[in-house]
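Participant: Taken from Swiss-Prot, the feature active site, proton acceptor applies to 49, 60.
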């Protein structure tokens, strides 16, 4: 959890926002996935948001669903994902690592065991996409017991009560949705979220990172101008992987270029 606090403190001192890429662990293969993650970090990623492939990802559009299918085809399991996480943490000791996943994977070996495993490999936060705040108590309790930040999604239509609850119980960062629906770079709609960010700040919530449909530097600038601490981009990155599966060198070059440009937008 402290890695997020350190990150936001360092970025504030430099007057920068955070750029956080999302990828599925093991896509398209475990070995190339580790190279991809090294490339994202070298190109300027401030933190990582990583998915554990799941067979029924309700919040994800086709791009990220296909990433999970590629990982499954490469034989990726939750066990392999945790081995990869341990390797990433060993190589990159300071970068915040967040998991974005689904409840079935948490339930599989028991909630407490799952968070213990996360702590053992150096994961900083967990966001469970299909658990609404109202049902989050057993998850957030176990998370805090093991020093893991529970991350909550703040939807664009959140009422005051929900904003207070998210501010009170969230740690690390707050995942601010650009819009309702599923993930996807092709779904551009960005709502004016200034009022939500103002309220979250008023209630002392963890810093807001805006996600869903973030695929261009200009959108990063808009998020920061609205008061967000940074932006998360997933589908646009995963699409680069999908389009270059057979040419890894080109894939890594395009990923580096994309992240460099998105990170540059956090500095203006």
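Please read every residue number as a count from 1 along the shown chain.
Heads up, the Cβ atoms here are built off N, Cα and C, so glycines get one too.
What's the neighbourhood like for each of these?
Facilitator: Sequence-distant neighbours of residue 49 (active site, proton acceptor) (same chain, 6+ apart, CB under 8 A from its CB) are 20, 21, 22, 98, 99, 100, 127, 211, 232, 234.
Within 10 Å of the C-beta atom of residue 60 (active site, proton acceptor) sit 24 other C-beta atoms, taking all shown protein chains into account. According to DSSP, residue 60 (active site, proton acceptor) sits in a coil region rather than a helix or strand.
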Participant: Please report the three-state DSSP label of residue 49 (active site, proton acceptor).
Facilitator: strand
